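Written below as structure tokens is the structure these notes are about.
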Amino acid sequence: MSTLALLARNRLALAGLIVMGLVVLLALVTPLLPLPDPDVTDTGNRFLPPFSEGALLGTDHLGRDQLSRLLWGTRLSLAVGFAAATIAAVLGAAVGIIAGYYGGRVDNLIMRGVDMLMAFPYILLALAIVAALGPGLLNALIAVAAVNIPFFARNIRGITVGIANREFIDAARLAGMNDARIILSEVLPNVIPVIVIAMSTTVGWMILETAGLSFLGLGSQPPQADLGSMLGEARAALITSPHTSVVPGAMILIIVMAINLLGDGVRDALDPRLRSGALTRPMAATLVRREDPAPEPQGDDVLSLCDLQTQFHVKHRVYRAVGGVSLGVKPGECLGIIGESGSGKSVTALSVMGLVASPPGVITGGAVHYKGEDLVGAPYGRLRDLRGREVAYIFQDPLATLHPLYKVGDQLVEAIRVHHALSDSEARARALGLLRDVRIPNAESRLDSFPHELSGGMRQRVGIAMALANDPEVIIADEPTTALDVTVQAQILSLLDTLRREKGLAIVFITHDFGVVAQLCDRVAVMYAGRIVEEGPTRALLEAPAHPYTRRLIACVPELGEGKRRLHAIPGLPPAVNDLPSGCAFAPRCDKAQPACRQGEIALDAYGPRRLRCLYPETELEGTA
Ligand code: ADP
Ligand code: MG
């Protein structure tokens, strides 16, 4: 969504924008308006009340036209406020970036100086600066800007420190860029949003500070009007002619309110984290909108999906990520789900426990039976009770799923204590047992390691230990070895295999790699564009793939000892799930496709232990359809 559209959605910010726009417009056109000279005194007409002849807002103690003074004063106050904010932002950001980027002694020196400035009450500091430079609007501007530099410097330094050690800065350095270029082209674009945000929230404050100095007689000098000096001069007549104070006072109130509302809105709209959907918090469980009644549970599978359909509703578009998937897994069995990236494997897995983010995710049909209980549409409390305790997940990147700031032992203890009322020491003992179960060397000392101190393989072992923490019946592993190298992958696979044999775990193993499937899975289901196209016992399916898509997926796997062989990539790309072709979704990429493949629904037929969704299979399957 565009920044402006986001801003417009925020009513208060929009109101602030409109009011501020009007004030700025008025300030800009002031010289063109038919106003009397703001500085001409007319002592005969002192303290005229508002709405008098020739003086809409009355006159002040010297008979000067209040309206004219107000508009000219607003113009001046705005200019000084914005100028001070810009100066403070530029200098403060420069100081902050330099301190944050170079770090070490430079950082220490600069930031201690900034700390010293911040140790003074800001108005005292501003007073001291004006006292040293002498009164006058320009000096007030300098004072206000100087007082606000530390605020920007601190903010920007914090952001820069976070950026300065990131990989893209290292990459820029390796590319031979010098510091100045890195700061300008790599660091600055990342901090500019923060600078703008800090500015938008402080301009109002600076206008107030300038007005404060003028009020004390240290800013604009008579006869020149700014909002602060108008207030200051009106002070003596506060009781007898209140309008002289109310007029500039109300204007200050309006300006500062409008700027602050607008600033808050700008911050919300510019913050990339808020923008990427943090403002629309996902619901605790995936939204369920089932038209048809839920199918009944069948068979003795511990977990079975029945015609599951999960979609993403983004504005008017509907993405059919999972278009009717039926699968089952028995205790002690390992079911592989294989398919190209984007074929809907993860969404299927996440739908089981209602973990697909809503909005935009919606489960629109089918059922997920866990031991006969339908989890689709189960109350959130029930899902939470089952999550992790009965059905646990292992994800691809353990570095992203482990909290970076807690020791792995504490994270394991937390996972255990969510479902079990154990004392700290009992839970810790259990965590230790888990780390031993997943064969982490020196488990005892590893409990006190942080995630970044472990290797990728060890981290994934911790991920598996966490999944095992509550003795689940089913583990859903979503590409758990994709981020690991082949030797570590083999260790993790054999670990999972042992665990399921020892504990009778049912495993749903998602991957895009047939080699992995062959090592671990009893059965495998091949997914394409959100549907299962073929399923069967691993051996049979690998030896005689029936669906052209399966055959070509297998042909993509290099084999050792097979001599030189051309690897056949599948031409074309999987279809977009918001615009699926009718008939077989693979037909556009299939070299055996016939006209019949492109129309009507093609059923997933059962042939003995195998299932196939294809009209012209590679091999004839035994058994009746
Ligand atoms: P994979 O098989 O690689 O795990 P996914 O299950 O993650 O694939 O994704 C399946 C499909 O759902 C993809 O086509 C993806 O573009 C789509 N999808 C996933 N999340 C969203 C979302 N938030 N909005 C729209 N489409 C999505
Ligand atoms: Mg995935």
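Including glycine, each Cβ sits where the backbone N, Cα and C put it.
As recorded in TrEMBL, the features of this protein are as follows:
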| type | residues | note |
| --- | --- | --- |
| TRANSMEM | 12-33 | transmembrane segment |
| DOMAIN | 74-263 | domain 'ABC transmembrane type-1' |
| TRANSMEM | 76-102 | transmembrane segment |
| TRANSMEM | 187-208 | transmembrane segment |
| TRANSMEM | 245-263 | transmembrane segment |
| DOMAIN | 303-554 | domain 'ABC transporter' |
Pop the mean pLDDT for the domain 'ABC transporter' (303-554) in here, whole number is fine.
89
Within-chain partners of the transmembrane segment (245-263) [C-beta distance under 8 Å, separation at least 6 from its ends]:
12-13, 15-17, 19-20, 23, 50, 57-58, 66, 70, 73-74, 77-78, 197, 200-205, 207-208, 211, 227-228, 230-231, 234-235, 237-238
Should anything in the same chain at least six residues away from the transmembrane segment (187-208) have a Cβ under 8 Å from its Cβ atoms, list it; otherwise answer none.
77-78, 80-82, 84-86, 88-89, 93, 96-97, 101, 144-145, 148, 151-152, 155-156, 159-160, 163-164, 169, 227, 252, 255-257, 259-260, 262-264, 266-267, 270-272
